[in-house]
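Working notes, beginning with the structure itself.
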Amino acid sequence: MIVLADHHDRQFRYLRLSLTDVCNFRCGYCLPKGQQLDPQRPALLTLPEIRHLIEGFVALGIEKVRLTGGEPTLRSDLVDIVRAVAAVPGIRRVALTSNGWNLRDRLADLQAAGLTQLNLSLDSLDAARFQAITGSSRFEAVMAALEQAIALRLPILKVNAVLLKTLNYPQLSDFVEFVRDRPISIRFIELMQTLDNHDYFQQEFLSGSVLTEQWLAQGWQPIKRDRTAGPAQEYCHPNYQGKLGIIAPYSPNFCQNCNRLRVTSRGALRLCLFGTGEFDLRPWLQHPDQRSQLLEQVQQTLNFKTAGHQLAEANSGDTRNLATYGG
């Protein structure tokens with residue numbers, strides 16, 4: 001089997017596919033200026049195009065697909081997309097990242113269609129603080145989706161919280177206590193600077209090392225990562241059912257274990273979340289007979305993947321916000 005690899009000896013088995021660039025939340029760290037979309041932008045990838053895309057990437061060794069947004073539940077055909085992706089031979093895991101606003105009543109259908117992992121964005125366990133961060137009053141709906149996911153016993157259930165120095169770090173102990181009796185993983189993501197959130201970043205950035213130092217002192221132990229795992233380092237504790245984790249893009253050598261590629265909701269391959277430029281794959285997603293051309297295009301494009309991002313130098317590439325690419 002072909003395994004995608006770049007010039008930096010990194011293998012890629014994980015694809016993040018954005019299903020839409022539209023989001024119905026207005027998180028300060030992501031869309032501080034609101035969402036400004038080009039009305040003339042191309043249409044979203046269709047279900048047949050998505051199927052051709054996944055089949056092509058599986059032929060290149062991809063084993064895990066994460067469906068992101070924007071907010072992917074805004075797609076009315078989401079269940080059909082999950083079913084199509086899960087049906088491709090070679091796919092070991094189908095994951096979904098969602099803000100959970102309209103997820104609870106769709107979870108059973110998504111699980112039946114083949115969803116094996118859910119990552120729910122939840123930046124606070126307090127309704128008022130949640131609204132202050134996200135601009136949404138749907139806290140109860142998100143919590144209901146989380147409890148439903150626990151009840152359905154999804155194989156992998158994770159909560160993502162962007163680490164914010166003044167807005168949720170003071171409630172860190174609440175998150176830790178939340179996993180004591182719940183079989184979920186809560187991962188804190190270091191706030192990343194984009195072209196739109198400079199002031200917010202300056203106010204709210206906090207290094208993830210602050211958390212890991214506390215956890216290690218409290219007896220939490222690091223867990224070995226799977227080869228298709230995302231960038232999080234997770235920790236377990238004998239007194240807790242759940243896990244804690246940190247995604248620290250500002251840490252040294254963060255990019256040396258990169259194992260994922262991104263495709264936008266319009267069919268463009270993006271080599272790095274904080275890179276520049278995209279490579280349009282859509283012309284090779286129209287018919288199965290184009291498979292060899294698609295594979296060749298992906299392999300050639302991978303030659304342009306750099307060794308790492310330049311976030312530490314305050315260089316966000318051309319990324320205005322994270323909603324466009326799904327983070």
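Glycine too: its Cβ is placed from the backbone N, Cα and C atoms.
Here the structure is a predicted model, which means the values were calculated and not measured.
The GTP binding site feature in Swiss-Prot is assigned to Arg16, Arg66, Thr97, Lys158, Arg260, Leu261, Arg262; the stated evidence is sequence analysis. In the three-state DSSP scheme, Lys158 (GTP binding site) is classed as strand. Residues near Lys158 (GTP binding site) in space but far in sequence (CB under 8 A, at least 6 apart, same chain), listed by position: Gln117, Leu118, Asn119, Leu120, Ile184, Ser185, Ile186, Arg187, Gly245.
Cβ neighbours of Cys27 ([4Fe-4S] cluster 1 binding site) (same chain, under 8 Å, six or more residues apart in sequence): Asp123, Ile133, Thr134, Gly135, Val162. As annotated by Swiss-Prot, [4Fe-4S] cluster 1 binding site applies to Cys23, Cys27, Cys30, with the evidence given as sequence analysis.
Swiss-Prot lists Tyr29, Gly70, Ser121, Met192 with the feature S-adenosyl-L-methionine binding site. Within its own chain, Gly70 (S-adenosyl-L-methionine binding site) has Ser18, Leu19, Thr20, Asp21, Val22, Cys23, Ser265, Ala323, Thr324, Gly326 as residues 6 or more apart in sequence whose C-beta sits under 8 angstroms from its own.
Sequence-distant contacts of Cys272 ([4Fe-4S] cluster 2 binding site), defined by Cβ-Cβ distance under 8 angstroms and a gap of at least six in the same chain, are Lys305, Thr306, His309, Gly317. Positions annotated as [4Fe-4S] cluster 2 binding site by Swiss-Prot, on the basis of sequence analysis: Cys255, Cys258, Cys272.
If you look up Swiss-Prot, you'll see 7-232 marked as domain 'Radical SAM core', on the strength of sequence analysis.
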Same-chain residues at least 6 apart in sequence whose Cβ lies under 8 Å from Arg262 (GTP binding site): Leu15, Arg16, Leu17, Ser18, Leu269, Arg270, Leu271, Leu273, Tyr325, Gly326
Ser121 (S-adenosyl-L-methionine binding site) and Leu261 (GTP binding site), Cα-Cα, nearest whole angstrom: 21
Cα-Cα distance linking Met192 (S-adenosyl-L-methionine binding site) and Cys255 ([4Fe-4S] cluster 2 binding site), given in Å to the nearest integer: 14
In sequence order, the binding-site residues (Cys30, Arg66, Thr97) whose C-alpha falls within 10 A of Ser121 (S-adenosyl-L-methionine binding site): Thr97
Of the binding-site residues listed as Arg66, Met192, Arg260, the one whose CA lies nearest the CA of Cys30 ([4Fe-4S] cluster 1 binding site): Met192
